[in-house]
Structure formats: structure tokens, C-alpha cells
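Engineer: My questions all concern the structure below.
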Amino acid sequence: MPTPHTRSQDELSTVNALVSKNPDTDKHHEEEEEEIDTAAVVVPPDSGWAWVVMVASFLCCTVIDGIVFCSAIIQEELMKEFHVSKFYVTFVSSLLSGCYLMAGPFVSALANRFGFRPVTIAGAIFGAICFGLSYFATSVEFLFVVYGILGGIGFCMVYIPAVVIIGFYFEKWRALATGVALCGSGVGTFVFAPLTDLLLEKTGWRMTLAIQGIMILSCAIFGLAFRPIQPITLGVTEDGTVVDEEKTKLNGHGSTVAPTPQLHQAAFTKPLPEGRFAYSMPNSAHNTYMGASQRNHYPTAAEIFKGMNLERRPSGQGSKGTELKQLRKSQPTTPNGDPQQLTFNLHKELTTVGENEEEAENDNLLETEAKPVSIQARRHTVSGRRPQDLAKRAAGGHHDQNGHHHGQSQSSSRPMYRDDIFFTGSLTRIPQYQSQTSLAYHMSVTRLPTKQDMLEDRQKGCRICPEAVRRTLSTMLDTSLLKSPAFMCLAVSGFLTMMGFFVPFSFLTDRAVDAGMAKESAVSVISGIGMINTFARIVCGSMSSFPSVKPLWLNNVALTAGGLATIFSGVVINASTQWAFAVLFGICIACFSALRSLIAVELIGLEKLTNAFGFLMLFQGLAATIGSPIAGALYAATESYNVAFYFAGGLILLSAFLCYPLSWISSWEQKRNAKNESLSPAA
């Protein structure tokens, strides 16, 4: 049996990126700076430019989701021009909505490597080109490929960055900001349903798609707001000391202000050749059943800096132990709205006499010269260079006298290396956030890049599949998660829900017109679903912020009500009954979309959330692709629209029934895993 300290190559390379040796520094430490290896941790600003990002995300969701949910409106025109059946033409819109979801893991990998802004702009341009080319379609098969598959991929390249970036910019207001941004889905449905119908009447389906392509291009402008956040940089030397560079410089001494802390020695094992260290991975209650996935474990910044007590001390604030989230108002920003890299003091508990006076003196010094500061790793000496010079050096590295290049980790960050990047609710629902300070939390959810990742980041060039892409895909598509009964139950439930999700959007208007309603009144019901979806997301998000509210039960009630409403929506068809259905169905889809991440965290833990969302997007994308065509085939076989609604409502109701025992299944699974873990040493 392997020893507890045996680590994988991934873990070794990760720690290599943080801890290394430079034999020349002892000789030249008085003349030049030694190599600094750092770890970047993003602390959301929660203010300033973050609100601009929220608005841009809202607008992107409005355009993308509005077109997706209303894409079925053009089906009647396509049936007339290409002489195809309802079953066959539904693939046009179902491929758009399916690929829009299935491409999620791959787009996430691209965003991790190249950033939110470039991927969003590229996706908007690509999607606009696809819609423009659809103007020249000569067959419905052409639309399958260009409008459905390629257009769906372009939409995903806009949607994923627009949603994920909210978690990068918001901490305290994350639930509110995410709720507002995702309200764009409902607003888009409300706006694009009558707009698409009007364009079809005035210009035809070809010009409608061309005009929508121009609207999609506007997302490239919105994507310009998705600029990256400058991360806070933490560093460590070979001997484990961490020095606050700016405080030492301002103090004017050759030693640090506070005693330099030592890394918890239990975090490391016996040194390996070439200065490598193996990292000892802590156990997790949630992933004990993962087995093989532990081989791909990447340590967090908190695990590397294990045993330290972190405290934020921004300019003018001398209160010791104050939490980061409580001091957000005092956070200085740069002229363009980005948060500065603030001074942090990593220390053990201090009990020396005169500590308060010393802290007050240094706080006054910091107040006179508030500059962006990084915590830099040192071995013995401190350079007198300015922080700006250090930042340049950290980005580009330096050369020793032998000409060897010692590169530094750039102040870039990988969004998909955060465990909570897909979490859309209030962070107060996460136990890790409640039990520690804000900075400590962000360190605990930020996983470090590998040495290969950092090397590729410094080297300018094009790689077919860089480390940042491979690692994201391997994390999101880690098949060991499929061994979890609780997750599989949740995934199958989501699959069934999405099979019925788009059916009402495809058949509601046709059924209402067939029953004698005016087309304008029928289209207004689609808009009503979007309007109810908008308000329901806000209410659902607010309710889920209360600890006493169980997201799983809220989800179950909403799905049950939505499934029953869909089944019985055709008993009497008039404006009143269809609007009643719109209310219940709008609440259903709002709760389903808003509560997925909260339920996943409760069931499998925050550290597996990214993995869970990778499979959930694939499952739901596949379901969206086949759901409407199956309903179309049922209509073609029975000549009854109600059968399609029975099919959709039955699937949604069945998905709710699968979620009812989830709490029991999760509890049983955790007990089983705990039992297996206790027996494993004996084995």
C-alpha cells in the first residue's frame, strides 16, 4: 500500500511551480534579487467595474437566451419553404439549444486559457457569421450544421464567460449579481418572442436571421467589459519564510516587521532531487469515494500555505484580525476601477510587547504611500526595488550571470482553477466561507497551476492543446464522479427536465392557434413565460439565501408544479389558462436553472462542483437536442399537440420524483464513504 506521502506527478509539478531552488542566490544575494515563485489568488472587487460587468453579462444573456428560446418561432416558415415535417424541422432549433449546452466544457477550457474577453468576442463574431450564412441556406440540412451546431457553439462561447465571470467579480453580492445577470434569459424571451414574430411577418425568415446576426455581434461589444482581474500574489521560499516586501521596505530595516512565519512542515515530505517537494494532500469528506480522481488532485493555495494565519491590513486600517469581507469599503482601486494588490501580513499569533505601537507606526507609513503590493518570497535579503519593478520582473523573469532564464509566474489567473467558479448562490451557504476569513476562503478554493502551465503561459506561441485546456477538460470530465449515486440521480433528473424544457417553446404557439387563439395572443404567452422567469429568478435567489430554505425541496416543488401544469395545460385552451400555465412553467424553469449549483454543492461538495457542471452540461445538452424532435415525432404520429405536452410534462414530473430521495441517497453515500475510509488503512 502506498504511503500517505506518495504524490502524483501532477502534484509534484504543481508544487514545483511554487517552490524551487536557485543555487546562485546565496552568492549574489546582496547584489541582485533571487528567484521569486508565486501563487495568484483572485479576490473579487465587489464594487466599481464589477457592476459594469454585471450589466454586460445581463445584456449577453438577453441576446443569446432570447434567440435560443424563441428559435422555434421560425419553424413554420421553414416547413413551408423546404417542405419538411414538424419532426424534422425541430432539429434546427433543438441543435442550437443542445450544442449551446454541450459545448460548455470545451468553451470553459478555452476561457481558462485565453480569458473571458477574447472568448466572448470570438464567440459573438463566430455566431454572427453563422447566422449571416444561414441567410443563404438552400436546405434544412444546411441549417442543421450552420445555424444549429456551429451557431450553438458560438452562443456557448458568449454565454459561459458571461455567466462564469460574475463569480470572478463578486463575493458579497454574488447571489444578487448572478440573479440580475441571469434575468437576461427571461427578459430576452419577453423581448425576442414578439420581435421575432414581427420580423418574420415583415421581412421573412432569411432576413430575420440576418438581423439577429447583427444583434449577436453586439455581444462582442458587451464582451469588452470582461477584462481580467489583477490577482493577489503570494509567494514562498525554500526555507518556508514569507515576507511582506513593502512593509520591510517602508520600515527601513534589513529584517521584517513581524516574525516571519514558517510553512507547516506537515505539508511537505522528504525533499526530492533537484529541489522538488512532494505535497501531502489532505483528505476530503466529499471526495473519499473518488479514488482515481485523487491522482489528479491539484493543491490549493491554502494547502501550500498551511499552518499560517492570514490577516488583511489595508492602508489606514490597524485593526488586527479584521476579515476581508468586512473591509471591502476601504479597498483602494486603480483609476480604471480594478482593485489594487493590497498589503497582507502572513503571520503567526504575535504576543510580543509593543506590537500595537509597531503596527500603528507601519500603518501610518503605508497610509502615506499606498501602492499595489504583492507578498513576495525571499530567502535572506530584501531588495530596494520598487513594487512596479518587481511586478515587471515577476512577469518576465530574469537571467542569471550564466544566461539561464528564471521565469516568474505572471499575475494572470485561471478562472477554472477555482472550485466555486460555477457557484451562483450566496457564498454564505458554503461552509468553507463561513468558517474562515475572506482571503483564507479564496486561497482554499484556488488551485495552483502546474509548472508546465506556467511555462506555457510565459512562452508566446500557439499550442494545439495547452496544459490549461487539458487540465480543465480532465477536471470537468473526470468520469470518477459518475460513481456517485447522488450525482447520477441529479444528472438523470436534469436530463429528463431538459428533454421537456424546450417542448412548450416549440409547440405552444401552434397549439394555441390550432385551438382558435389569435397568433399575437399565443406569442404573448411565450413572452409571459420569460417575464415570469425573470421575477421568479429574483425571488428564488432571495429565498435560497436564507439558511432555513432547502434548495432541493424548493426545486422539487417547482418541478412538480411545472410538470403538472404542462400535462394539464391543454384541457382548456384560452388566454386565461395559457397564462396560468405560463406562470407555473416560468417559475419551474427559473428554480431549475437557479438552484442547480446549490444542490450540487450540498450533495457532492464544493471541490467537485466544476466536475459536476461539466457532466451536467453534457447531459442537459444531449437532452435538449433530442427532446423537441421526439415530441415532434409524437405529434406527427398522433396529430395531437397535447401528446407532446403530455410527454414534456411527464418527463419534468418524473425528474422531480427522482430528486425527492436525493437527501437520503446523499446521506447514505456519505456514511458508506466514511465507513470505507475508516476500513481502508486496515486493508
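From the backbone N, Cα and C atoms, a Cβ is placed for every residue, glycine too.
Source: prediction; values computed, not measured.
Pasting the relevant annotations from TrEMBL:
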| type | residues | note |
| --- | --- | --- |
| COMPBIAS | 329-344 | compositional bias 'Polar residues' |
| COMPBIAS | 355-366 | compositional bias 'Acidic residues' |
| COMPBIAS | 386-403 | compositional bias 'Basic and acidic residues' |
| REGION | 1-37 | region 'Disordered' |
| REGION | 307-416 | region 'Disordered' |
| TRANSMEM | 49-75 | transmembrane segment |
| TRANSMEM | 87-107 | transmembrane segment |
| TRANSMEM | 119-138 | transmembrane segment |
| TRANSMEM | 144-169 | transmembrane segment |
| TRANSMEM | 176-195 | transmembrane segment |
| TRANSMEM | 207-226 | transmembrane segment |
| TRANSMEM | 486-509 | transmembrane segment |
| TRANSMEM | 521-540 | transmembrane segment |
| TRANSMEM | 552-573 | transmembrane segment |
| TRANSMEM | 579-601 | transmembrane segment |
| TRANSMEM | 613-637 | transmembrane segment |
| TRANSMEM | 643-665 | transmembrane segment |
Engineer: What stretch, picked from 87-107, 521-540, 552-573, 579-601, has the most CB pairs under 8 A with the transmembrane segment (613-637)?
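Structural biologist: Ranked by Cβ pairs under 8 Å, first place goes to 87-107.
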Engineer: Hey, would you say the transmembrane segment (207-226) packs against the transmembrane segment (521-540), going by three or more CB pairs under 8 A that are 6+ residues apart?
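Structural biologist: Answer no, regions not in contact.
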Engineer: May I ask which of the stretches 49-75, 486-509, 521-540, 643-665 has the most CB pairs under 8 A with the transmembrane segment (579-601)?
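Structural biologist: Going through each listed stretch, the top one turns out to be 521-540.
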Engineer: Between the stretches 119-138, 521-540, 552-573, which one has more Cβ pairs under 8 Å with the transmembrane segment (176-195) than any other?
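Structural biologist: Selected stretch: 521-540, with the most Cβ pairs under 8 Å.
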Engineer: Would you kindly check 49-75, 119-138, 144-169, 486-509 and say which stretch has the most C-beta pairs under 8 angstroms to the transmembrane segment (521-540)?
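Structural biologist: It is 486-509, which has the most Cβ pairs under 8 Å.
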Engineer: Report yes or no: does the transmembrane segment (486-509) come within contact of the transmembrane segment (119-138), defined as 3 or more CB pairs under 8 Å with a sequence separation of 6 or more?
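Structural biologist: Result for the transmembrane segment (486-509) with the transmembrane segment (119-138) is no.
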Engineer: Apart from its near flanks, which chain residues at least 6 from the ends of the transmembrane segment (144-169) lie with a Cβ under 8 angstroms of it?
Structural biologist: 42, 44-46, 49-50, 53-54, 56-57, 60-61, 63-65, 67-68, 91-104, 107-108, 110-111, 116-117, 119-120, 122-124, 126-131, 133-134, 137, 177-178, 181-182, 209, 216, 219, 222-223, 226, 229, 415, 418, 420-424
